[in-house]
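Report on the following structure.
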Amino acid sequence: MSHNTFGHLFRVTTWGESHGPALGCVIDGCPPGLSLDAPFIQQFLDKRRPGTSRFVTQRQEADEVKILSGVFEDDRTDGPVTTGTPISLMIENTDQRSKDYREIRDRYRPGHADYAYDQKYGVRDYRGGGRSSARETAARVAAGAVARRVLGEDILLRGAVVQIGPHMIDPKNWDWAETQNNPFWCPDAKMAAQWETYLDSVRKSGSSTGAIVEVHASGVPAGWGAPVYGKLDAELAGAMMSINAAKGVEIGAGFAAASMSGEENADEMRAGNDAPRFLANNNGGVAGGISTGQDIVVRIAIKPTSSILNEVKSITRDGEEVDVRTIGRHDPCVGIRAVPVAEAMLACVLADAKLRHRGQTGH
């Protein structure tokens, strides 16, 4: 299996499976001299960690990260710092229940990667989905923490869930602080209460539901990205679509721009102090593939979890028609834990863009 690496200068390779002994990543291209230790990375892994509420999988994993290489400390450094060599990070799996999956080892879960993997490789790890499991995203979150060090403290990355099932937040109620007060990363306190009732019913019914995640990057300077085939928004879209269960991406106004007039969609400008003052951000912070200095805004549609308790029609590897239900511990809405993953992918793309911009322009 190839294509386990993304990025150009800031390159991340993830490895490992859902029910293997461990998973992790190798990061190449990180500049030397950046402060980096395990507790810094751990804070982001804890945001994604399973078993934190009844609305996510009850698999109990500490997700404790271990730094295996690329970081050094002695009496001449101010704490652990990156050396510029590959950074290897590892997270052990400790709560696998592979026996839960024996019933489906020869049966395909509709909507999952089972059938496609079998057709391509002729073999698949049915235990939790192997590489196709959302468990792989723990490594991405770890890499995203390193990317944040590359970006520095002037760039703020934040994410939220803005829709679960048919229930969408009211943008007028948006409060970033509220995302820390509920298990959904919801910026609308009123909608968070509705989601709790809705997801309880979904969970008890044995089904699952989808979500929309929105991530923002503030403080990105104008000029990152490149025209045509190196567009920053194209890099962002590709990174977000690589997330497990992602089925759609919007940047800025996204598909709503199709119903706007030219005047409505224009991000009109007025003179500011050191930079233009934009009157709108329908471009989502990117124009012509290059950052404008506005907030970068990306939304990701996350499909319902494919592994559900309710029976669905499928076939076996031999073509026999069967009904499939998945016994195990699964997220009723995997979109909730996709928030720190989307933040991490945003961080990695921007870190790569920063290094590429510096290499091309010298600043």
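Along the chain as shown, residues are numbered 1 onward.
Keep in mind that glycine also has a Cβ here, set from the backbone N, Cα and C atoms.
Here's what Swiss-Prot has on this protein:
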BINDING   ARG48, ARG54  NADP(+) binding site
BINDING   ARG131, SER132, SER133, ASN244, ALA245, GLY288, LYS303, PRO304, THR305, SER306, SER307, ARG329  FMN binding site
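Projection of Swiss-Prot feature records onto the structure.
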residue	record	CB count, 10 Å
ARG48	NADP(+) binding site	25
ARG54	NADP(+) binding site	12
ARG131	FMN binding site	20
SER133	FMN binding site	21
ALA245	FMN binding site	24
LYS303	FMN binding site	17
THR305	FMN binding site	24
SER307	FMN binding site	26
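Between the alpha carbons (Cα) of ARG54 (NADP(+) binding site) and SER133 (FMN binding site) lies a span of roughly 20 Å. Rounded to the nearest whole angstrom, the C-alpha distance between ARG48 (NADP(+) binding site) and ARG131 (FMN binding site) is 17. Annotation note: ARG131 (FMN binding site) sits in a helical segment as assigned by DSSP.
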